[in-house]
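Asks: The feature S-adenosyl-L-methionine binding site is assigned by TrEMBL to ARG94, GLY125, ASP146, LEU191. Summarising the annotation, TrEMBL assigns Mg(2+) binding site to GLU192, GLU195, HIS196. The annotation compositional bias 'Polar residues' is assigned in TrEMBL to 29-41, 49-60. Summarising the annotation, TrEMBL assigns region 'Disordered' to 25-60.
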Amino acid sequence: MASSKLLSHPRWHRLLRRNLPNARLFSGLPSQHPGSVPEPQNHSDPKSNNKFKTASSTPSSLKEAELAKFAAISDTWWDSEGPFKPLHNMNPTRLAFIRSTLCRHFRKDPLSARPFEGLRIIDVGCGGGILSEPLARMGAIVTGIDAVEKNIKIARLHANMDPTTSNIEYYCTTAEKLVDEQRKFDAVIALEVIEHVADSAEFCKSLSALTAHEGATVVSTLNRSMRSYASAIVAAEYLLHWLPKGTHQWSSFLTPEELTMILKRASVDVKEMAGFVFNPITGRWSLSDDISVNYIAFVQPITRNESMLESGEQSKVTRNIGTTSVLGWSTGCKQIILQLDSIEAIEAIMIESCSMYNTLSMTVRAIVQPRLWLV
């Protein structure tokens, strides 16, 4: 299904490929199964056996109500027919995206039985370890962290049942605390977590800080659209009872555009994005370019050259804007926009001139939109 069905941002489908000039929509991978329940956030319990006990100087992104919600059902993490059934069903599809993107980024063989051999991967908001374990079986050196101590205990117990997963390091701590410890990982993964944190911007900054210089980050969440409200909340929680009532707060969902901007401000850039779609006939999930409900993004640190280029574009636009009179905005904007080489520069106009947005919006839309279709 086309992403033009996004109701919260009707023009996002048209602008997606241009707003993410280096990104590509990701579809067509073999994948399986349903779900859309999240994983808890990070919080360190002083009684836990945790080697990261120093006070964090980084603002915490924890939301206490979310921690309590997931602590109450932590015993059911490995019950494939329990509250986390949707995540179990969606796991093969999530892993298909992770395997393909990380193998390409790190130049690994995706057909290998252990394609992540030697890679240091952290699973942020690991819950009971349902993602950490398959990553370990694919050869990764896995660290799993979660804010709920009961989740960590369940994850350790289950991992110790299999020699191939018994070396996973689980800690009841937060991403912010690991940043203070100056920990770095080749890949940072946070799936269905960001919609449960108090401050998504600070959380993304922590993910960025944990990512090694030439590493990668994978983030998944739900879009704040009418379709996501109907399917992930009304249907999944109240009609089909796939998830406990109150699992999601629609207002905490992030649109792909919002997530992209938050990540960019955290010095990481979205390179690929895919949606998850459920087939009610087969009962399986697959990757698609439909990002109207569940979606996943592959992210890389912004290089120094990219940062300098973007900074140069924005400063050039700012100088041009500064010499343009308010009364001549229509003509001035047209001359500026027609000379721009990228959507980032156009976005810079909107950022730098936010106080005049209402005056400019119709002019910019009329000039930019035909130009975008020609790019």
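Cβ atoms are placed via backbone N, Cα and C, with glycine included.
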Asks: Just the number: how many Å between the Cα atoms of ASP146 (S-adenosyl-L-methionine binding site) and HIS196 (Mg(2+) binding site)?
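Replies: Between the alpha carbons of ASP146 (S-adenosyl-L-methionine binding site) and HIS196 (Mg(2+) binding site) there are 12 Å.
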Asks: Calculate the distance in Å between the alpha carbons (Cα) of ARG94 (S-adenosyl-L-methionine binding site) and GLU192 (Mg(2+) binding site), and round it to a whole number.
Replies: 11
Asks: How long is the line from the C-alpha of GLU195 (Mg(2+) binding site) to the C-alpha of GLY125 (S-adenosyl-L-methionine binding site), rounded to the nearest angstrom?
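Replies: GLU195 (Mg(2+) binding site) to GLY125 (S-adenosyl-L-methionine binding site), Cα-Cα distance: 12 Å.
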Asks: Around HIS196 (Mg(2+) binding site), how many other C-beta atoms are within 10 angstroms of its C-beta?
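Replies: 27, counting other Cβ atoms within 10 Å of HIS196 (Mg(2+) binding site).
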Asks: Can you tell which of LEU191, GLU195 has the least company, meaning the fewest other C-beta atoms within 10 angstroms of its C-beta, among these binding-site residues?
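Replies: Counting other Cβ atoms within 10 Å of each of the binding-site residues LEU191, GLU195 gives the minimum at GLU195.
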